[in-house]
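Taken straight from TrEMBL:
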COMPBIAS  1-34  compositional bias 'Basic and acidic residues'
COMPBIAS  276-285  compositional bias 'Basic residues'
COMPBIAS  286-306  compositional bias 'Basic and acidic residues'
COMPBIAS  316-343  compositional bias 'Basic and acidic residues'
DOMAIN    94-240  domain 'Alpha-ketoglutarate-dependent dioxygenase AlkB-like'
REGION    1-50  region 'Disordered'
REGION    256-352  region 'Disordered'
């Protein structure tokens with residue numbers, strides 16, 4: 001990396017193209033690759049992929065404003081119960097600006113596993129998350145069955161994602177070995193967007209231009225299958241959550257989906273692998289709506305800060321120890337700190 005002070009400068013110098021921003025008639029800005037050789041070919045591939053994604057997505061406006069308000073009141077009740085600690089341990093998963101509530105089935109994902117990557121996710125043992133609330137069946141699932149969106153008895157997993165302004169969920173594919181298709185989601189509280197084919201970068205957080213930008217309205221139902229569900233990632237970007245937004249995700253788990261406690265049904269899970277499985281992280285910190293306007297502090301940044309602080313404390317401790325011995329030599333012979341008696345060590349506890 002000689003001659004470069006920023007990795008982005010080096011990557012740009014190695015890339016035989018430049019990005020140009022085009023503004024469409026609808027006001028949406030998109031970046032396209034521009035080069036002397038393959039500009040048109042790149043655009044064709046990108047447009048073809050966007051058509052594939054769009055062809056495997058269905059959307060419908062099913063819920064009225066009154067129905068949305070009633071469901072949103074129920075979501076607020078879920079949040080209140082979670083804040084009071086009335087749910088089972090793995091029902092609630094908290095993160096800055098985003099809380100998840102698992103019902104019916106819950107699973108490990110992301111930072112909850114030391115051994116990460118596609119295919120590592122596992123369902124929790126039966127009974128480790130709360131059952132799907134009756135109101136989800138009555139107000140949401142039954143309506144979708146009536147409109148022919150899903151067959152009766154399809155849903156056995158319901159997840160409520162509650163986002164504060166500036167919240168996000170990074171690019172991912174819903175685990176294919178865990179969930180059958182389609183993936184059904186219903187949006188509440190505000191309008192937002194679902195983006196496909198984005199890449200996230202951190203420190204600071206930024207997101208590449210999507211292959212497809214899909215507006216998602218309050219009360220709308222989005223159904224992913226085929227290419228959109230399996231062959232391209234989807235995400236929610238921080239800039240697309242301008243107000244509080246909640247989504248109810250309805251899915252069906254596969255009969256052979258691996259569980260944390262089912263060696264017989266999933267022989268691939270050995271005791272050595274189990275040591276890599278961590279308990280789900282939980283935090284009782286409430287999201288701050290104003291945090292969307294401040295730089296995001298990620299776990300990797302916090303770790304660097306902890307290491308830096310620890311290093312400074314060790315250096316300070318060494319110099320303090322030396323000064324203590326010097327002060328001890330100047331004390332009276334009757335003092336604890338004399339050459340005739342072993343010095344009493346004073347240990348300073350450090351909080352982690």
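Every residue gets a Cβ built from N, Cα and C, even glycine.
Bear in mind that the values here come from a model prediction, so they are computed numbers and not experimental data.
Per DSSP, the domain 'Alpha-ketoglutarate-dependent dioxygenase AlkB-like' (94-240) is made up of 24 helix, 52 strand, 71 coil. In this model, the domain 'Alpha-ketoglutarate-dependent dioxygenase AlkB-like' (94-240) carries an average pLDDT of 94.
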